[in-house]
């Protein structure tokens, strides 16, 4: 069982992720974790805070001589902008945030809620996901996310979406983390214009998991289906209001004959994760009946625009009940690029958890041997 | 902690739901449960099986003299069409189902997978949800689902969606469970035509929870956010490929000033669940930062078309690896109406679980007293 | 993840166990389950109810053609003595039962508590454990429990406790399920005498798990240690007030040099579960640092005397607060023999769960291959 | 839901506890946490490490201006003796530790196991428990542990065990944390003598929880019974081999008439946690049917002697399989006093978790109001 929690406030001392059940014997590299942290802080449209923080991960526990021990791995990202004790409460809840609802639920200050509900927390979820990706890489599984739509403008997809390295290279060229850097100027202009008007933008991100074997997740009980677990992990990311798998909502609009992916058999592909069972389409997004089917897993998420507007929305003073502009806390214009990193990270973690569930989690050595064993048995099924 | 699991196969003896943590002292009525079971079996476009089964719930445990005991409540829906032991395995997996992936994961027969992965299992999820609704009703919380789009055709919404009883009456008039029965003939025609062509249809359903108080769910840990839990429950329903909350994917396409719901204060509404904090819009769908905000909760789900086509898709024989039409098991043309009942049920269960989480679950009497206490304290916050 | 819950009341329609995560492909035999159910009903000192019920298990879900499907397995034991709806509440709580505390916690009738808190519920825990034993048997793991002390009288142990079949044969000869049937007459007399005086007896039971491999459980997180899980499972059995592993409380009384089990190596035993690492003693009871160490697992439990006395203890009428004898519900004189079966069952379940945790739970076929793989790798470590 | 995990190695950088679900609005005081950490390091018979470390807690997250936020609380105890990266593997597993079993389970070095399995980890469990005690204190609940038997020598109990402050004062006078400091010299001599002979000592500790209300825990499902949860938490403490509640194993040896606690009613005590339901004895140890019954909760635990002996036990070299003395890592002669602190801490945490389960965990203010509400309703039951 691979599982994790986080702790930490937006302006608190530190952010922590505690990851329990991580296999022993994996060489952890901090550099790729820091790269993902930097990616989370980037993307065109970010504000001042991202320039203050340059997030670095610290692996606090669970390793010895560079290898995981099988102990819990605690990751820390220290807040350079630590000032929580100097901050005061907010008088007026900001629409779209947890300010109002949290203040009432906990019968306390808005500050108590916003510090924890803030998307700043996702820094350690990204760290946890980046760690998970190092485990996945050992099994040839790659996970990458990108921005697919921003501010209502769809982005043209390149033809080939199966060559992961090419796709990642393209994305890394783009200032908004799309697969089509050629469109960047258009988005730069949109973001600039929106920022000047004091408004914010949202968008749609997509995450692809390439190389996952058959049989992660299960159909047998509702709370163990992998599609459900992915949906939970993604929807629980700050500002996400929608999740799709594969064709998603479009699948609801087409006849069955255009949705379901025919099954073919190609002995040439027997050694790949599809075991030879090729599919001319992948509308299912790699998941049927809550289990992976050897195809690429495709998850999409809708991120609403940032809730804190420089031109604030109407709110009320919780003491006086008088209408006034919402309180303002420093914020960005657009964080859809960041969301693509965060959603990528939580998806990666769930896939790693499902992998540990299927192949066991004591040691990398045993996991790998079991992976081979299963592939052999599966090919003989 | 209110939680549940199900057991049972599509053509097995029985389907069971075991519900643990249900409060003591609630009068359970089987009739509304059976009504929901009947609704699940209805909706235009269903096939032969629904005529064989007339599902009835049996409350097996957890009650005495009509009241819940605080013990686990086990619900049973007996399969009249029990014939599992006479059935053989399928040779060719059906695209869109768990047949292929499950047969490989479990290294066994397709039959072993399809019997459990079948949407027949949702009968007891509906029963569990109908039980949950009886608890919610004690707190003035109403949950209703309806079909919002079918086969790619959107359905016009009536103007007033806040008067629950009117909405439910309209829905119950419609043969497809939409809020606009006047459009029914159009859908009858579409379904008939699709059925004749051997194809199937999907659609989009919406569920609304009216009357939920502030503060269900929490922002504090990712795995306890209510939006995440709802997304998991809904995505884990058979054939669901997308979940939205509130404005959902549309929220990703608009600027923040048009998405976030301003906060006003109206002392006249102080006694309602919003405690006077009115919102001119409800684009958040009642959830901010993983917590309910006193507004109507709105969840939408995309159901793909039924996977079993009378004109089967291409598949392969798992033994010979030869291409052939997928095996055919009796099925429907369209089950979007049923999906609206199922999604309604799983949403209701999660809301009830969140209510028990917030207000405790020992006895209805204590829950109610605590509810009043919280409302009083919240109004004074 | 192998997990289970139960439902059902003492005089309700039925008792249910829902077992989730049971591997596919195991041939289930009802006969050994029924044999354990009969054993639970037996043992010298039982009262009238055991003559009314002759428990039989019904496998309601999760099998097809005699093999498990990988679906949840629901087991049912129908109460022949179903009369709950005719029963009234008790006026005076019985000391030692949950009557008083439950009535206050749930603000309701004593009946609501006693029906569920009753040891009758253990019938389905025994059924679940008997199912688990069928899985364990596939890996050469045997579990057996016996009475080690009754009413304060210790029972002489036979010399050889390692030959499981001999031990089981001896136990099955004894009317109190001890390993020393020669002492039976002494206990028959003690029980008869106690019964005549209106009193009840407790005792100590021991459970041994022979053949478990290295590495079940983990040291890495407190809530996943196998000793902790065993302690929870055993202490959560009705009337159990103490749990020991290995030398238990005696270990607290001896110096370390007499407690810890030296490690030797005997290449002749390399093929056994100890992989050649023999221990001249087994004071640890097969568990070190929350993990199995290849030795026999030894768990002991203290069962208090039955709480319902024919010569009732003092209690008060909850309405009038007046002192009076506790209400009387039909009961036994001594159920320590039954407790040995129940504790055996819950221990077996936890070991099976730990086995599934270590070796995966999709299919028996894959589990077995992985078991061999691990043994091979472990021998080469 | 109040829950926690820990992370960290014995000679690693730091030890962490992450506590999720801690109520908002509690003023946290670090000083009593540090006092408990110091107590854990003390007690006669400790070795060199305790002189190197002077544990101090750091509250890393979850507070603002001294009050909890409702966010996860992360506690850190930095290892002054951090040297993990300079340490090498051990060649010969130490009997009684997880060395052998862990090395085989994880197919890796002994170091990987011992660093995490070490009792050093209990420092943060003590910190978590000390935090829990601050919550319990708000409800008038006191928890204290003491040594009841050491090296096989029982300790005379003072007459009055109900006056908590007196008991704690006595215990704090004793160099071994017993309730009878007058016996200290005897134990000092025993420990000195044992240490000189290169051996180690174990003992029995007892924890009492005074002031807990009725109704913590539940009878309704095996995995939610409070006695089971306490047993798990205690048995999962390093070196614990037995757990008892109330009369424990002695209860198995007496007739029912001498075990079960009669129920009386004394209107003078109506305002106390027993609500007037007095019991002349407390053999049940405050728990009946998995629920608290308003009496003092009594938990006892058997701690085996320290596994690392200065005069090492026989072991084998894992590479050569040759017999040799076990490797030696710096250790103590007797840590029973420390165990009394640790067991006290994990018991306190479970009681706090059960309290949050019963009374909710959003804010201290609401918890307190609900506590009063329940007491009022319970008195009227």
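Positions of Cβ are set from backbone N, Cα and C atoms, glycine also.
TrEMBL does not curate its annotations; it predicts them automatically.
Pulled from TrEMBL:
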- B:40, B:46: NADP(+) binding site (BINDING)
- B:116, B:117, B:118, B:238, B:239, B:289, B:304, B:305, B:306, B:307, B:308, B:330: FMN binding site (BINDING)
Checklist entry - Hey, which of our binding-site residues B:46, B:116, B:239, B:304, B:306 end up with a Cβ under 8 Å from chain A? => result B:116, B:304, B:306
Next on the checklist: On the three-state reduction of DSSP, what should I expect for residue B:40 (NADP(+) binding site)?
Outcome noted: helix
Item to check | Pairwise CA distance, residue B:46 (NADP(+) binding site) versus residue B:306 (FMN binding site), rounded so that it is a whole Å | outcome: 11
Checklist outcome for this item: Going by C-beta under 8 A and a gap of 6 or more residues, the same-chain neighbours of residue B:118 (FMN binding site) are B:9, B:10, B:238
Checklist entry - What is the number of other Cβ atoms found within 10 Å of the Cβ of residue B:40 (NADP(+) binding site)? => result 29
Checklist entry - When each of the binding-site residues B:116, B:239, B:304, B:306, B:308 is checked against chain C, which show a C-beta distance below 8 angstroms? => result B:116
Checklist entry - Which ones in the same chain are close to residue B:308 (FMN binding site), with CB under 8 Å and 6+ residues apart in sequence? => result B:94, B:96, B:97, B:200, B:326, B:328, B:329, B:331
Checklist entry - Under a criterion of Cβ-Cβ distance under 8 Å and sequence separation of at least 6, what residues of the same chain contact residue B:304 (FMN binding site)? => result B:96, B:202, B:239, B:240, B:241
Next on the checklist: If you count other CB atoms within 10 A of each CB, which of B:46, B:116 wins among these binding-site residues?
Outcome noted: B:116
Checklist entry - Here are the binding-site residues: B:239, B:306. Which has the lowest count of other Cβ atoms within 10 Å? => result B:239
Item to check | Alpha-carbon distance [residue B:40 (NADP(+) binding site); residue B:116 (FMN binding site)] in Å | outcome: 18
Next on the checklist: Tell me the coarse DSSP state (helix, strand, coil) of residue B:239 (FMN binding site).
Outcome noted: coil
Checklist entry - Reported as an integer number of Å, what is the Cα distance between residue B:306 (FMN binding site) and residue B:40 (NADP(+) binding site)? => result 15
Item to check | Site extent for FMN, whole Å (max Cα pair distance, B:116, B:117, B:118, B:238, B:239, B:289, B:304, B:305, B:306, B:307, B:308, B:330) | outcome: 43
Checklist entry - Once the DSSP letters are reduced so that anything not helix or strand counts as coil, what is residue B:46 (NADP(+) binding site)? => result coil
